[in-house]
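Here the structure comes first, spelled out in structure tokens, and everything after it is commentary.
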Amino acid sequence: MAKPMSDRIKPPAVLAIATAIYILLFGAIGVWRYGNFSYNAMDLAILNQVFYNSAHGDLFASSVHPPTYLADHLELVVLILLPVYALFQHPITLLLLQTLVLGLSAWPVYRLGRSVLDQRWGLLLGIAWLLNPFVQNINLFEFHLLPFAIFPLLWACVAYQQKRFWPFIAWSILALLVREDVALVVMMFGLLALVEHRPRRWRLAPFLLGAGYFLVALQIINRVADFGRYKFFIYYSWLGDSWLEIARTTLLRPWPVLKHLITVGNFEFALGLLLPFVFLPLLASRYLLLGLLIFLQFAMGSFGGSGGLLQLHYPALLLPALVMATVAALKIITTAPAKINRAIELIRRDPRLSLLIFSAGVLYTSLTMGPLPGVVMKFLRDGIRWPAAAAQAGLIKKIPPDASVAASYAGLTALSSRQHLASLNYLFLGKQQFLSRDYRLPADTEYLLIDYQDFITYQLQYGPSSFYQDSYHQALTHWPALLDGFGLVELRDTLALYQKNQPDRYRLVTVWDRQPPIVHSDSIPITEAVTFIGADRIEPNGYQLFWQVHKPPAGHYQLLLVATQNGAEAYQKIYPLAYDIVPSTLWQAGTVVQTNYWFDLESYLEPGTYELSVQVVEIKKGGLEVDAIRSTHNVVDRLDRIGPVITIDN
């Protein structure tokens, strides 16, 4: 007699196939996104340069966050991964390693489920891991080393459940090498052991190991950092300027602390964390102690928790606690006395019900909170090669591989396999992260790769922030000094390549003290301060726009380009007016500002006849958000239209 299908299924083989599919799929997505310059949030660029410099003997060196990455985090796992990276020194190597470790983390989840429940539940939990939206979000949002802590922490959970002390210690030590705040998870194993009445060594060893490592790591970071303390301490400055002040505030002024904790954002964060696990962890809440300090790390920060954090890498260190609590909850459901709870009693009547509820929850949250639907939509809309990618790739190819370069967000990652690299956002501000110290253009810089679209990003990123606002407005007045000694040698829409000691091939902005010759003159009032006085065509897709200034404008204006065909809008894009080389807030009365634009329309529009128009606008509200494929992008919530629509080509 043939065996039933359920008996012929080999869970390890099924999980191996599922893991392979995950690794191949997300590896391909990562390569696809990299080829389209979609890693634009700096993290991959920063860490790739750290790996590159380390592979060339300059351990942990970073010119983006100078002088050393050790001033950010103590991530000794770099030394473990370095031999693999050295074989192919490229950002894609890091992306594939991240995908590999997240995919392989399904195996300790399987082992945990098999150990506590049975093989079938172990298989389901392993597949649920691969479908988990947080795992997928972590995989696609940039590159971080935190995912490399998940794997040993999950194995530490397995060893803890099996009461294998020394393997538990070994996995914990390996996890600690990933980053200093992993210690906050390891410490809490000691508290969990106390709650479970484990022997003394289970209570003391993880606590002492975690606390000791955390303190040593902070001392190392503090000694390396020029500013003398852990830079991310700034997130908790509302509580005080030192650990002692934070403790005093928490103990003596508990109500402001509770008010900060009990917020919609923190509730949204907690609720979102539980959704992919169908709220099962609440049935075995003691295991959530493992993630308590990590949760407080976010909830007590200046901005608190939010649902937006779930799209990023931040849930990484919370996942082991959630997995362990879920497994324990399923154990309660499948083995507890039926009358312990009515819901459990209902599920126990038909074991398939628990399977159905759990599977439905996993699939639903994977599709609604994960990146795969967005990836599919993006691929169907833009294909393998996105419209703007060719221009970016073409300009990057013109930069020698060993040249010293400063770059905007999107180009930073592709240029990060080099010793000398600067980030334009810090150069714009003239300050490092958190305005901690000055950030200047190195004297040996040979190329500037500037995407002027980033100046819209800076306005959204820094303009509304009370912390950065003053620095942003100061930066608008002095940043063009960066261009001194550089010539604009290539231009693709807003993407500009400057080379040192070369003449300008393009002139973006000219300020005249008298009216220049204009072939197609006009007179269209924009505001009381500015009149549009003409537009001339200079070559295919090139336009000269002229603005008469009567008095300094009150607002920081942008330019909205719209292409229409047969009365229907086909394309639009917001450009910084005068490229923010001369922001409108600095325009002087009695001058004429000439702004030259070379619009890249062929990359976005089908062949045909289009009417082009521009309009002066002002961004009043917006910000940076993470999109469906886990890249960052500009979001404009309120755009005021300042003047009339001006047709420049029909």
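Positions of Cβ are set from backbone N, Cα and C atoms, glycine also.
Just so you know, TrEMBL annotations are computer predictions that nobody has curated.
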Given the ranges 41-60, 261-280, which one is assigned the annotation transmembrane segment in TrEMBL? 261-280
So which range, 76-94, 95-113, gets flagged transmembrane segment in TrEMBL? 95-113
So which range, 147-166, 287-306, gets flagged transmembrane segment in TrEMBL? 287-306
Return yes if the transmembrane segment (261-280) and the transmembrane segment (202-221) have at least 3 CB pairs under 8 Å (sequence gap of 6 or more), otherwise no. no
Long-range CB partners for the transmembrane segment (95-113) (under 8 A, at least six residues beyond its ends), listed in sequence order, are 11-12, 15, 18-19, 22-23, 26-27, 30-31, 34, 44, 81, 84-85, 121-130, 135, 138-139, 143-144, 147-148, 150-151, 154-155, 157-158, 161, 323-324, 327, 330
Are there at least 3 C-beta pairs under 8 angstroms linking the transmembrane segment (119-136) and the transmembrane segment (168-195), leaving out pairs fewer than 6 apart in sequence? no
Long-range Cβ contacts under 8 Å made by the transmembrane segment (312-333), restricted to residues 6 or more beyond its ends, are 109, 112-113, 116-117, 121, 125, 129, 132, 134-135, 137-138, 141-142, 144, 146-147, 149-150, 153-154, 156-157, 161, 181-182, 184-185, 273-274, 277, 280-291, 294-295, 298, 340, 344, 347-348, 354, 358, 626, 630
Sort out the residues at least 6 away from either end of the transmembrane segment (202-221), same chain, that have Cβ-Cβ distances under 8 Å to it, and list them. 70-74, 165, 168-169, 172-173, 176, 180-181, 183-191, 193-194, 230
